[in-house]
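*Asks:* Handing you this structure, nothing more for now.
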Amino acid sequence: MTDLILALDVLTREEAIEIAEKTAPCLDSIKIGYPLVLGAGLSIAGELAEFGLPLIADFKVADIPNTNRLIAEHVFEAGFSAIITQGFTGSDSVTSCVEAAHDAGGECYVVAEMSHPGALEFLSGENAEKIAGMAVKCNADGIIAPATRPDRVRKLREIIGSKKILSPGIGAQGGSAKDIANMIDGMIVGRSIYQAEDPAKAAREYSEFRR
Ligand code: O7E
């Protein structure tokens, strides 16, 4: 299955609820992070959970093991189903997030390689491959890999085997759903849906790439 995950990076509760109402029937889950939570408060997670879709917490957690666990505990208490952590902090920090997620019955994904051009400075190539290998050893549920670089997704897939790959960078950042959908487990799409003139139509069009 390739899921369609909406990156709901709007800034207010009202916009978030409006877009979720329009698009939820075509989505498999919703990802929120700093833009919305800093604007609307963590309680927005409970409101969005009412749409009946899994909610992914994208705080790209990147701290020492104890702090990572404390953050993860808040996230799962707030109603999220999954958390995203950075991998460059090392295996003890990642393990802490994975364990907190699994203790709560949730999932943990590790950012291996990012989708923007600047990622090529530090967070790509050999470093990304090492992070992907480490994510497997730490028993993470999957990794984040860039839809803007399908060749890299292919390489990271060789390393992680059947673990999941969630991929941002489709649409606004130039990645193509058509090119990447059959290589990954989740397409993360933000602006191309929530900034579209007709978000419901845009979500429906992306949902056609689910398999
Ligand atoms: O470009 P958009 O508008 O489609 O949004 C993409 C979303 O994916 C946005 O929330 C951004 O923060 C996130 N993202 C990336 O764009 N690139 C990455 O490398 C990683 C993420 C991300 O979501 O990481 C955790 C999944």
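Just so it is clear, glycine is given a Cβ too, placed from its N, Cα and C backbone atoms.
Automated prediction, rather than curation, is the source of TrEMBL annotations.
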*Asks:* For the substrate site that TrEMBL describes with K31, S115, G190, R191, which of these is also annotated: D9, D103, D179?
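*Replies:* When TrEMBL describes the substrate site, the candidate it includes is D9.
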*Asks:* Between S115 (substrate binding site) and D58 (active site, for OMPdecase activity), how many Å separate their Cα atoms?
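*Replies:* One finds 15 Å between the Cα atoms of these residues.
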*Asks:* Cβ atoms within 10 Å, counted per site: which of D9, D58, D63 has the most, among these recorded positions?
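*Replies:* Of D9, D58, D63, the one with the most crowded Cβ is D58.
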*Asks:* About how far apart, in whole Å, are the alpha carbons (Cα) of D9 (substrate binding site) and D58 (active site, for OMPdecase activity)?
*Replies:* 10
*Asks:* May I ask which of the recorded positions D58, D63, R191 have a CB within less than 6 Å of any atom of ligand 1, listed in sequence order?
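*Replies:* With ligand 1 as the reference and 6 Å as the Cβ limit, the list reads D58, R191.
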*Asks:* Let me know the most crowded of the recorded positions, choosing from K31, K60, R191 and counting other Cβ atoms within 10 Å.
*Replies:* K31
